Every structure is written in structure tokens, then in C-alpha cells.
Amino acid sequence: MSQKPLSDDEKFLFVDKNFVNNPLAQADWSAKKLVWVPSEKHGFEAASIKEEKGDEVTVELQENGKKVTLSKDDIQKMNPPKFSKVEDMAELTCLNEASVLHNLRERYFSGLIYTYSGLFCVVINPYKQLPIYSEKIIDMYKGKKRHEMPPHIYAIADTAYRSMLQDREDQSILCTGESGAGKTENTKKVIQYLAVVASSHKGKKDTSITQGPSFSYGELEKQLLQANPILEAFGNAKTVKNDNSSRFGKFIRINFDVTGYIVGANIETYLLEKSRAIRQAKDERTFHIFYYLIAGASEQMRNDLLLEGFNNYTFLSNGHVPIPAQQDDEMFQETLEAMTIMGFTEEEQTSILRVVSSVLQLGNIVFKKERNTDQASMPDNTAAQKVCHLMGINVTDFTRSILTPRIKVGRDVVQKAQTKEQADFAIEALAKAKFERLFRWILTRVNKALDKTKRQGASFLGILDIAGFEIFEINSFEQLCINYTNEKLQQLFNHTMFILEQEEYQREGIEWNFIDFGLDLQPCIELIERPTNPPGVLALLDEECWFPKATDTSFVEKLIQEQGNHAKFQKSKQLKDKTEFCILHYAGKVTYNASAWLTKNMDPLNDNVTSLLNQSSDKFVADLWKDVDRIVGLDQMAKMTESSLPSASKTKKGMFRTVGQLYKEQLTKLMTTLRNTNPNFVRCIIPNHEKRAGKLDAHLVLEQLRCNGVLEGIRICRQGFPNRIVFQEFRQRYEILAANAIPKGFMDGKQACILMIKALELDPNLYRIGQSKIFFRTGVLAHLEEERDLKITDVIIAFQAQCRGYLARKAFAKRQQQLTAMKVIQRNCAAYLKLRNWQWWRLFTKVKPLLQVTRQEEEMQAKDEELQRTKERQQKAEAELKELEQKHTQLCEEKNLLQEKLQAETELYAEAEEMRVRLAAKKQELEEILHEMEARIEEEEERSQQLQAEKKKMQQQMLDLEEQLEEEEAARQKLQLEKVTADGKIKKMEDDILIMEDQNNKLTKERKLLEERVSDLTTNLAEEEEKAKNLTKLKNKHESMISELEVRLKKEEKSRQELEKIKRKLEGESSDLHEQIAELQAQIAELKAQLAKKEEELQAALARLEDETSQKNNALKKIRELESHISDLQEDLESEKAARNKAEKQKRDLSEELEALKTELEDTLDTTATQQELRAKREQEVTVLKRALEEETRTHEAQVQEMRQKHTQAVEELTEQLEQFKRAKANLDKTKQTLEKDNADLANEIRSLSQAKQDVEHKKKKLEVQLQDLQSKYSDGERVRTELNEKVHKLQIEVENVTSLLNEAESKNIKLTKDVATLGSQLQDTQELLQEETRQKLNVTTKLRQLEDDKNSLQEQLDEEVEAKQNLERHISTLTIQLSDSKKKLQEFTATVETMEEGKKKLQREIESLTQQFEEKAASYDKLEKTKNRLQQELDDLVVDLDNQRQLVSNLEKKQKKFDQMLAEEKNISSKYADERDRAEAEAREKETKALSLARALEEALEAKEELERTNKMLKAEMEDLVSSKDDVGKNVHELEKSKRTLEQQVEEMKTQLEELEDELQAAEDAKLRLEVNMQAMKSQFERDLQARDEQNEEKRRQLLKQLHEHETELEDERKQRALAAAAKKKLEVDVKDLESQVDSANKAREEAIKQLRKLQAQMKDYQRDLDDARAAREEIFATARENEKKAKNLEAELIQLQEDLAAAERARKQADLEKEEMAEELASANSGRTSLQDEKRRLEARIAQLEEELDEEHSNIETMSDRMRKAVQQAEQLNNELATERATAQKNENARQQLERQNKELRSKLQEMEGAVKSKFKSTIAALEAKIASLEEQLEQEAREKQAAAKTLRQKDKKLKDALLQVEDERKQAEQYKDQAEKGNLRLKQLKRQLEEAEEESQRINANRRKLQRELDEATESNDALGREVAALKSKLRRGNEPVSFAPPRRSGGRRVIENATDGGEEEIDGRDGDFNGKASE
């Protein structure tokens, strides 16, 4: 069923179930494997898992479709959509930060600011007003259990209140969170709720304000509510984070009595930030009251208080800073009203405001420094005069006490001149102290007002509202105290939630592994509050306050010295400011500025000013300063705090109490109070720092959740057993659920609980049994409470039934006694009435009193004596009473005197005791301070000794280290020198080697020449010339060869250098091209990803479209079937209607004839005037009905026209959508074919390219081998090659990435075959671009081949040069041998240096490897820790899921049992119904037989009547004879006529009663038949609905199987595609290797590639345009999909409506059964009455026989009437002629009516087509029609009443007509004729009734709306006929005025019966239709 629509205030409390139970979201979640991944913007972002590789996961972001690879530890699970906006986050299946944040964000954006997190509640500040705090909402939450209502602060308050009353344990509600998170507002809501729920004057609230001691009704609650506005005005201010920030902490203690009513309250405050009164930061305000006063004061008040404008006050640093949506003047009036309600007098209010004004005026006092001295002066004392006027002190004394105060020096008192700074400080200190004292006085006054009641408080509920955690730009002493308090509260939360909870599990012996959540805040708390070893911040601050020369800088330095190594302490990074330090709080790092901390801690005041204020003429000011106790400049308010807080415990007070110590003691006391209560935590969260509604900063919220321990609290709530109850209490409370489980007699509580739990069949995982308590998981106790409530209601109902039965029996017995007593009284009265006239009784009554006279006189004397005695006793008693009263008054006076004395003594004793305690406390405190100082001095001495010893050790260590450093430095310098010398020697030797090589070369050349010459000279001197010639030739030749070789060598080197340059250039260009290609590929990949995404979306849309088309086809089939069925029914209905119309026409004809006869008889009796009046009334009614019918027909036709138009529009839209989808499908098929062709072409091109690549690769390998030979000989070439290899490696990685992208693209390309036509055009463009690229690649390959040919030619030249080089190298090798020898020596020399350096490097490498191993191990440890945590979380979630599943299984088993029971009950009920139906059928058969027998008896009676009439005729004839013979008998004629008339009247009345009984019998039979028809129709409808539901279930099952099969086929296709992709990947890897070889050659095509790049960029723009078009198309598809979803939802709603119709039909069937039983009872009573009436009839018929003898005497009077009857016959003939003409016109109208019916039939067929679509929109019109039906029913009832009245008048007229009828002679003849006609009419009536029953049987099968509409149409069609018949009837009445009648009573009564039957039938038909319609409408 659809959810009931939520009201405006419920929208912010309840979750919309339609949003949560969205099947599309569930399907999306399950299909996409959605998870949470970290996000910088949103904290966490939704993504779907695409691929898993070991510990890494590739995910696709849902928002932008971007793919990201992350570690598994960084991913968090996502909950199913049904857990969206869950009210308790402990119910989440996957508990992690992302899920908690998402749930809070969803609820926050829906206006749901409260969320349960296990045992506590999380509140997010909405920054706007929500309508969830009204009295209606309070009533909703009052007394409700937590799980029965959504989360709310009222639920927390109610839980605490009920726990306090039930457990008798003090409760506390702790609102914690940062500043601006909403703590104060929630505190106010708690107080508001308690004031309403726990009010002791409910229903008697009085709004009057009383100032006396007596309470008005509800005054305490009103005062409790008004305390907050007063304290907020004086203690709250606007900060950067919060417009209403509490600048003090408060603990509101509300006391309750035993019955739960509020009996009083008390408020304790902590650390008012009084420095705000004199100075504020930028954009901040001081306390509200200053602005309220200036803005809201009246003119007279401004004059009295000397008020000025905002900008005229120095203490208002920023002037007037307005607060949005708040008016200061209105708030001022509210504050004054609150003060009045609290009982503040007018004088007190003005005094308070005077002090506030004086504080402002203090800031306007200006001091100046005198020229020659530092002394301060006050040149203008106007402000001082105003201050003194307001405070009631002397101006001169005030200025003297400020400028030259008197101070005590030793024993002397001297005046000391103050500097300007000191005077300013004194004024500011005075202003702060004045405001603080005023605030404390107000608090005391409020507490006094709240604690006036004399009732004793049994328990209390505390509400803590303390300033939240604060991090400002400048954080001072107040922020430290506030943050310290929040640390303590958070520690209390952690201790309560985690430590105490688990310790209790261990104490109770429950199996539990202790979990350390790592949330201990004790280190930070100890850093602040630790007294010694080492001292904390507060202790060091107090210590510094002792020293006169101490400064804030020295305090910070000492703090750094003591706590510098603390984990939670850090030095400030700003080196300039030496008064700053940092503390790492749980909520973040806070930098504190310690400026003026010593002053704030000591809080000094000017004694002269305070004494002056103490002596003020203003009583209020003097009271503020009367109890100042000042020692050594430290402000102390001991007396005031003791007197002002009577309920507070008297803490240690005395001298030298600093602000820090006082606050620490207050906080300790508060924490003790909170630990003694049962805390209820409310965690307030600030969503953003801009104070904007509807914005949530995810990281800010996450940080607060982490700090507050929300996740850990939820986890321990889920894993643990948070609900626990003592054995005895469990048994006492829940024994009712397992009544027979515990045997009688004594049994141990634990054993009893075990037996109870077994009887309750609880899952063992849901509870644990401890030593003294039984523990439950969350929700179990709530379930038990629900079952207990149900059981108690059953018991109470049974008890109430017993009580009612007992009372009924008692009342019955009393009635019986009364009845018997009444009978006795009646009997006695009857006897007395008989006796009172009896003479003996009268004598007895007279004599008996005389016998008692003597005894009465004796009794009277005895009574007089007794009366005298009682009077004497009374007088004695009165005298004694007076004496006792005198004694009592004396004793009371003595008692009062003694009480006064005792009171005075007790007061004296109390004062003395108080003084003694105070002195003792001061003494003890001074002693403690002394001991502490001595201990500190000793500790300081020990510490200093230790430090000195450590210092010596450190100095010794420093010396040792310095020596070691010097030695190492010396060794290092030696090594450096040795290294330098070695380097010099090496260089020198290298130079020597070069010189020697040159010399060696020269020497070898010279030696060769000399040897040649010597050999030539020695061998042959003769041939010297020839040899010389040959040598010269050879020399020339060699020289030419060498020169050629040198030239070639230079050329080769130049060419090599040019090649290397070209190579580098090409490499640079190739890298640029690769980058561009990578960018293009990335863009292509993004486009493909977008295409894939669009494909998926399109597939989803197509799938939805197919589902919707199938649903639409099914719906159309059903519509066609229904239409055919409706058309058949309509045809049957029309035939039945035709028959019914004919029958009605005949019926009307008969009625018209009867009416005509009646009018004729009435005309004879001169009743024409009355008839005309009746006719006029009827005509008016007819005209009114006509108008109503016409209006209804017009409205109906208009509605039909509208529905027809809407239906045609809907059909046209659906046809258009179908055509669009068909076109889209055709386009998709076309694009699929084109894509397949393109894919084939691309595959062919890739094969050709791969072949070309292989050829190029072979050539490249050959070249690389040759190049390697060359590069191995040259070191430069080796470096270049290594660089190239690195670049190649990078390119390989890039190519691998490209191939992986290509693989992905190919896998997606396979899916692209099913895509949209718009995307196909884009693909075609991209394919054209690819073809162009391939052509360009072919051009590049051809160019590469040309370059390779050039390279081959160059290579051949190179080979020749290499051979020449080899010859040269052989010569060089001899020289290299000599070089190697010298190098060996050099190596031996440098070996020693290298060994040392290698050792050093080895050590460094070992250190680096160790550090690397350590880092790797640390990283692996962190990773393992993360995985462990993640696995632990998953395990916890799985355990919780397992528990939930077990619970679900148990619940399902229980539901199965209940379902079986219900099924059995339903079977029993159906069998009962079958039995009842059989019994009803049997009864109906019996009644039919009875009716037949009665009909036979009626026929016999009629026959007897005819015989009597015949005998009557004979007797009349005899009477005539007798009359003619005997004339003297006529004297008694008149008397006989009278008696005869009376008898005939009686006979007629009996006949009418008999006829009415017959009519009732007929009506009962009709009702029986109608009920049977209804039953049959209901049964057939029910069977049809069951069959339809079975068909729907079967259809759903088939669809699910089809979907499963489709998913399996898709999975198989996916597997095949993966296999194909893997093969393609391997192939591509091979291709990539081939491509790597072509990289160098591809570099030469750079310029062409740049051109292609430009083309690609232009094409990319085109792609972008196409992409935009595709997005627009996608949006259109999404729009159509959304419309289809809406239509699907509408169809679902219609299905639900049909189910509801079925249920309503079932209810109607039950109602029909009840009506059937009632009809049966009425039929039985009618039968019994009918038998009695038949007996009476027989008796009357005998009497008639006697009277008929007397009728013969009346025939003499008949002759006079015969003439009149003849005239009437003539008039009747004329009327018959007119009737014939009217019948002809009626026939014409009948033909016109049939034509209209045909038109209506066509309209109905169209209307039935539209009914399905218009059904939901027609509810309002249905309601209007129902109202019309009700009005028509009322009209029908009125008409029925009028008919009954008319029937009565007709009966009276019938009686009058009897005299005339008796005188008519021809009555018998006409009676026989009309009797025949009546019999014919009865036969016709029976036929008509049978036809009507059949028509009703058919019509009741049609549903309610159709019946309603058909009924209106029928009425519209019958309107013309009805009008025609009305006219005919009226004419016949006018014309048949004088027609003679022979036997009118039977005919008339029969006619009336016909009319009554007709009207009854019509009414029953209308009732039946209305019942059906109402049944359907209720459905």
C-alpha cells in the first residue's frame, strides 16, 4: 500500500518510505558493486569496482566516470539502499566512516537533524527554524518508547525522565560539541519538554503573574522556562562561530518528587568570560544585555540610566554588530517579561540595568599621562560623574581611589600615585568584577525563585550546557578552561561508553574480549591539571603567581622546560612571540597566547574602590559588594558563593585561591555529580563554519565524528549488550510472558530467568546471563516490552469482560429482585383495593391503633428520660472541651516561645559553626599551602641537584665527543691531503705518459726510417737511386692514401656527428609525438569511457523500455479483455434495461389506470381542489428533479469529454514513444552493421601494418648489430646508446600502457555494437580519421624505407673505413700495452685510496639498505595493520549481519507459524462460510415452500371470497324481496347502515394489513434473491481476482527466469569476450615489440605527424560538438526513461488499488451475509404474524357473512347513483381515447429513447477505455457524487415518508368512498372484470420481478465506478420517458373524473401494492447500487 502522506512537521521527523524502498536504487547497487573511496571534496565518493589486482583495486567514480586505482585498505563498503537515512546507525550492515557520513548527510539534506548512534544521539545544526518543537510533537513523544518514534531531543528527554522514575536513579543529559553546534538550543528544548510532561498543575495553568510567595498554577514550570532567557541575556554573546554562544557553563538540576512532578530546580554556573565585557574580537559582540538595553530602552529609561548610542561606548569595541533574524529591542522586552515571571521586582530590574549602564560608562573614563611624570590624571570626569551617579558613590572619593589609592606599607598607610596603565587596568578590573557580581546575583535570585517549593525532591535530572570546544585566532585563558572542560567531558563519555561497559561485562562473567579503542584523553588532561612531577599548566600558572617578578613569558618558558617533551605539548612555530604554546586536544591543535594569564588567574581588584562601593547609597550596589574578602590582591567571594548557592556543597574556601584552582575544584565537583548519575549523551555537530543552512562540510563533520568517538560508540553498541536488567526485576516485569514456565515454590532468580528465556524462545546470540543481571543486545528489551504491552492489553480486556459480565449479572439480579418486589407491591395494592371497602377491614384498622396507645405512652416516657441524660452528658463534654482548648492555646504559646528561642540559638550556633569551619578551613588551607611550598622547594632542590649532575655528565660527554670529532677531522684532512696528492700524481703521470707516447711515436718513426736507409745502403749501393725512386713513389702513394684516409675519416666523423644530431633531433621529436599520441589516446579513452557509460545507460533504458512495453502490452491485453467483457455486460444490461423499461411502462400504465379510478371516485366526492394542489406539488417536484438530472447529465458529459481527451492524448503519446523506440532500434541495427564492417577493415589494416613492421624490424636488427660494433669501440657512443635504451624503455612502458588502453578499447568496442545511432555517426568520423592516420603511417613507412636504403649505402662506406681503422688500431695496440703497464702501477698506487673509499661506501650502503628495510617493514606493518583493521571491521560487520540474519530467520519462522495459523483460520472461516451458505440456501428453500403454500392459501381465500360474494348477491336479492313485502322493517335501516360501515372499515383495515404483509413477504423474497445474486457475484469476482493474481505471479516468475537466462547468456558472452581480449592482448604484445623496432624510423615522420596533430585537434573539436549532441540525446533518453518509470509507478499504484478493491469486496460480502441473516429473521417474524392475521381474517369473514344479510336493505338507495355512474363511463371512454393517443406519442418517445441508448452504449464503450487511466484522478468527483448520493438518499427517504402520509390519506379517503361504493348496483360485474385484470397484472408483476432480479444479478458484477456512471446514464435516458408518463398520468386523472366503479377496494389495494412494490423495488435497487458504490469507493 502507498504510504500515508506526511504533514509539514512530520516531514522533518519521519523518513519517506517510498525513497528508501526504491527497487531501482537496489538494483543499481547490486549491479555496480558500489563502494566508498576517499575524496578531497566530499570526504568520500561513491564508485563501482571494475578490476581487482592483488591488494589494488581499479574503481570508476560515479560522479564523473573517472577511473582510479587504489589500495584495498582505502576502500570502504557501501550499505544497500534500504539502509538510506536509517534512524539508528547501529543498524547499518557496513559500519565505517563513509557510511556514517553518508547517512548523516542524507538525513541532514532531508531536514532530519537527529540521528541515533547506538546509545546516544547525534544532532547537526540546521541553521534554520524547523517545525518540530510544537505541543503537537511533544504529545507525540510523551510516554513513547525510543523505537516507536523517530530520533528527537524529546525522545532523549523522555527516556531519561522515564528511567529516573522507573529505576529511581538520577539522570543527566550532556549536550556536547563545538561552539555553534546547537547545545544551548537543545538544552532549552529539553527543559521545555520536561516542563510540559512533568508539570504538577496540568490542565490548571494560570497566566497571571504573582509576585508574592504563593504560587499560581504552573508558575514553577513557567519560571523554569523563563530562567534561560535571563541567563542568555547576561551570559551569552555573538562569536565568529555562533550568534548565541554561551560564554559560561551551566548545570541545570531539576528536582522531581516520587510521583514525577517538578518540585524545584537549581542552576550552577562555571567560568563566566567576564573579559568580554571590556574587549571583543573583530565581528564579535559583548554580552547581549548591553545591546538589548541600548536598543530597547524607553526615552525615560534612557534619561534615568544615562544611556548613549552604540558608538559612544569604548567597551563596545565593534559598535553595533546586528545578529541576523533578531531584533535587540524585542529581545529586551522578552528579557524584562522573563524577569517579571521569575519574580524580580521593578526596583530590582532598574537596579540591574543601572549596573549594566555603569559598566558601559566605566569604559568611557579616559586617563592621560602628565608631562613631567608618569602619573595618570583625569582631565574630563564627565564619565566618572555618570558612573558615580549610577552607583551611588562620591565622585571625588572614586577618582582619588583610582588615581591615588591608599596602600598599606608595613604598618603605615600611604597614598600611591598610579600610572596611566595602572589606572586603565583598575577600571577594566572594576568593570569585569562588577558584571561578574551582577551575574552571580541574578543566578542566586533565579535559584531562589526556582527552589521555593516545600515539597521534597526524590531524584533529579541534570542538564549540562557548557561552552563547546573553541579554536579562535587568539586563544586565551578562558579558551584553555573551556577546552579543558570539554576534554574532561569527552573522557567521561569514553570512560562510560567503552571502559565501564566492558568492565561490567568482565565483572558479570560474560565472555568478552576487551577492546582498546585508543580514545584515552588522560595525557592531555594531566598536561593541564597535574599538580607535580612534572606540574601541569594550571599548577605552573599558580606557581608563577607567587613570584613578584614573574611574567607571562617566564611562565611559558617554565612550561616549555617542564612539559617540552610531552606528547600533547608543542612549542609555537612563531619565534617572535614568546608567550605562545600549543596543546594537542582531542578536537585539534590549539595555539594559546599566554598574555595577561597571571593577571587573569589572580584577578586583582582595587581595595579602595571596593570599600567605596560597599558603602554605596544604592542598597542594591551595597549588597553586591558587602561580602568582599580580599587577601594579597586575589579576589575572593567565599561568603557570597556560600550564601548564594544553598544547595551546593561548601567547598574549600580561603586565602590565595586563584581562578584556576577555583575552576578546577568546580569542575571536579561537576564530574563527581555526573559520575553519580546515569548520563545520556547528545553529540552536537556543526556542519559548516559559514552558518549557512543546507551546507555540510564533509571533512569538518568527519573530524568531529572521529573526535567524538561516534564510530566506536556504535561498534560497541552493536557488538556488546547495552541493555541490562537485574534478575529479580526481569522476572517481576516479564513473567507475564512466560506464565507457566516457572514452577511454583521458591526458585533462584538466575534459574528463573533462564527458564523464562527458554520459554520466550530468544536467540542465544541476543542475550548473555551474568552473575546478577541479564544482558541484551539492542532492540531485544524493546521487543519484550511490546509483547508485554500486548499481553497486558489482552489480560485487561479479559478482566474488563469479566467485570462487565459480573456487573451485568448483578444488575440483572437486581432487576429480578425489583421485578419480584414490584409484583409483591402490585399484589398487595390489588388486595388493598379489594379490602378497603370491606366493613370488617375498616373496623380492624380503627381498632388496632387503640391497642398500641398504652405501650406508646411508656415508650415516650423512656425516650424523654434518655434524652435528658444525653443532654447532661453533652453539657459535661462541652465544658471539658473548653478547658482542653484553653490548655492547648497555652501550650501552643509556650511551644512558639521555645521554638523562637531554639531558632535563635540554632542560628547563633550555625553562625558560630560557620565561622569556625571557615577559620579551620583557612588554617588548614594555609597549612596545606605551606606544606605544598615546602614540598615544592625540596623537589626543586632535588631537581636542581639532578640537573647539575646531568649537566656535568653532559659536559663530560661533550668533551669526549669534541675529542672524537677532532680526531675524525684530522683523519679526514689527512685522507683529503693524500687524495689531493694522489690526484696530482695521477695527472702528472698521465701528462708524462702522453709526452712519452708522442716521443715514442717519433722515435719509432725515426728508427724505421733509419733501419730502412741502413738496409738499403748496406744491401745494394748500386741500386740506391732506383730504390730511392721506388721509395719516393711508394712514399707519395702512401701519403696520398693517408691523406685520402684522413679525408674519409673526417667525412665519416662529420657524417657520424650529423647522424647523431639527426638521431637526437628525431628522438626529441619522437618523444613529443609520443606525448601527443598519449594525450590523444587518453582523450580517445575518455571518449570511449563516456561512450561505454552511455551504452550502459542506453542498455538500461532499453531494458526498462522493453519491460515497460511488455507491461503495456499486458495492460492493453487486460484492457481489451475487460472491454469485451464490459461490452457483453453492457449488451446484457441494455437488454435487461429494455425489459425493465417495458415492465415499468406496463406497471406505470396500471398505476395510471388505478390513479384514474381514484380521481374519478374523488371527483364524485368533490375532491378536485385537493387533487389539483397535490398535482401542482408533484409538478414542482418533477421540474426540480428534471433540472437536477439535466445538470448532472451536463456535468457527466463534460467529465466524459475531458476523460476522452486525456485518454486520446495518453494514447498518442504512447504511440509516439513506440515509434521513436522503433526508429532508435532501426538506427541501432544500421550502426551495428556499419561498425562490424569498419572493424573488419581495421583488422585487415592492422595485419598489413604488422607485416610491414616485421620487415622493418629485421632491417633494424641488422643495423643495430652493426651500430653496436661501432659503439662498443667508442665510449661516447656507449653513453648515447644507454640513454637511448632508457628512452626506449620508457617508450615501451608507454606502449604497454597504450596497448592496455587498446585492449580496454577493444573490449569496449565489442560492446559498442549495441549502441545508439547518434554515437554511430561519431564512430564513423573516428574511423575516417583512423584511416587517414593509417595512410599517413604508410607514407611514413615508405619514407623510412628510403632512409634505410640511404643508411645501407652509408654502411658500406663505413665498412671500408672500418677496415682501414683496424690497420691503424694494430699500430695503436703496441702503444696501449705500454700504457697498460703504467696504468697498472697507477692502479696499485690508487688501490689503497679506493679500498678506504669502498669501505666507507660499503658502510653507507649497508646503512641505507638497513634504513630501507626498516622503512619497508614499517610500511608493510602499517599495511598489515590497515588490512587487520579492515578485516576486523568486516568481521564485526559479518558477525552483526549473522546475528541479524539469525534474528530474521527466527522472525521468519515465527511468521511462518503465524501464517500457517492464519491459513488454518482462513480455511475454518471459509468452511464456516460454506456451511452458512448451505444453511442459508436450505432456509431459502424452506421459505420458498412456505411462500408457495401461502400463495395457495391466498388463492383459496380469494375463491372463498368469490363464493361469499355470490352468496351475498343471492342474499341481496332475497332482501329486496323482503323489502318490497315488508315496509315496517325500514325503520332500523339507518342503525344497520352504521354498524355495517364500521364493520366494513374494520374489514378494509384488516385487508390492507394483509396486503402489506404480503408485500413484506415479497420484499423479503426479493432481498433473498438479491443476496444470493450478490453472493454469486462476489464469489465469481473473488475467484477471478485469485486467478488474476496467480497469473501475475506466474508472469513475474517467467520474467525472473527470463532475466536470469539473459544474465547467464550475458555472463557467457562476457567470458568469451575476456578470452578473446586475452588473445588479442598477447597478439598486441607481440605487435608492440615489433613497433618498438620502428620507433627510431618513425621519428623521421615528425613534421607530417605535427600536421596530422593539427588535423586531429580540429577533428577533436568536431568530436566535442558530437559529444555534446550525444549528451543532449542521452538527456532526452533519460527524460523518456523517467516518464516510463512514472508510468510504471502509476501502474503499480493501480495494482495496489485493485488489491484494496478486493479487500473491500470481501468486506461487502461479510456485510451482505449480515443483511441476509437479518432478512431471514424478519421473514420468520412476518410468517408468524401472517398466520395470526389469517386466523383473524377467517373470523372477520364469518362476521361479513352475517352483515351481508343486512346489505340487501340498502339496494333502494342505489338507483340514485346509477345516473352518475353512466356519466362516469362516458368520461372514461373519452379518457381511453386520449390514452391511446398518448400511448402513440409514448411509442415515439420509446424509439427516441432506444436511439439515445445506442448512443450511450457507444459512449460507455469509450468511457470504459478511459476508466483505467482516469481512475486515480476521479477521486474528488467520486466524493462529490457520494455527497450527491447521500442528498438523493435523504430526498428518497423524505419522499418515502411523504408516500406513507399519502397512503394514510388514501386509506381515509377509501373509508369515505365505501358508502358510495355500497350503493352501486353494477359493482359485482366490474369487480369480476377488474379481478381478471388484477390477476393478469399480478402475473406481469411476477415476470417483471424475475426480470428485475436477473438484471440486478448481472448489474452487481460491474465494479463500483462503472455502476455509478451507468446509473447516471440510465437516469439521463429515462428522464424523457418519465416526463411523458407524468403528463399522461396527469391527463388521465383529469379525464377520468366520473367513471363508475363496481369493486374498488381490492383493485385499489392491489394497485397500491403494485405501486408500493414498484417503489420498494426501485428503492432496493438504489440501495443495492449505493451499497455497491460505497463499497467500491471505500476500496
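Going from the start of the chain as shown, residues are counted 1 onward.
Cβ coordinates come from backbone N, Cα and C, glycine included.
Taking Lys128, Lys626, Lys922, Lys1186 one by one, Swiss-Prot attaches N6,N6,N6-trimethyllysine to Lys128.
Per Swiss-Prot, the range carrying the annotation region 'Disordered' out of 38-58, 1130-1150 is 1130-1150. For the ranges 437-459, 529-551, 667-689, the feature annotated in Swiss-Prot as region 'Actin-binding' maps to 667-689.
With a cut-off of 8 Å between Cβ atoms, the residues of this chain six or more beyond the region 'Actin-binding' (768-782) that come close are 88, 90, 118, 145-147, 505, 507-511, 717-718, 720-727, 730, 750, 753-754, 757, 762, 1443. Per-residue pLDDT, averaged along the region 'Actin-binding' (667-689), amounts to 91 for this model. DSSP assigns Gly180 (ATP binding site) to coil in the three-state reduction, placing it in neither a helix nor a strand. Within its own chain, the domain 'IQ' (792-821) is flanked in space by residues 736, which lie at least six positions past its ends and keep a Cβ under 8 Å from the stretch. Taken through DSSP, the region 'Actin-binding' (667-689) splits into 9 helix, 8 strand, 6 coil. The C-beta environment of Thr184 (ATP binding site), restricted to residues of the same chain at least 6 apart in sequence and closer than 8 Å, consists of Cys175, Glu232, Asn236, Asn244, Ser246, Asp465. Sequence-distant neighbours of Glu178 (ATP binding site): residues of the same chain at least 6 apart with a C-beta under 8 Å from its C-beta are Lys241, Gly468, Phe469, Glu470, Ala587, Cys684, Ile685, Ile686, Gln704.
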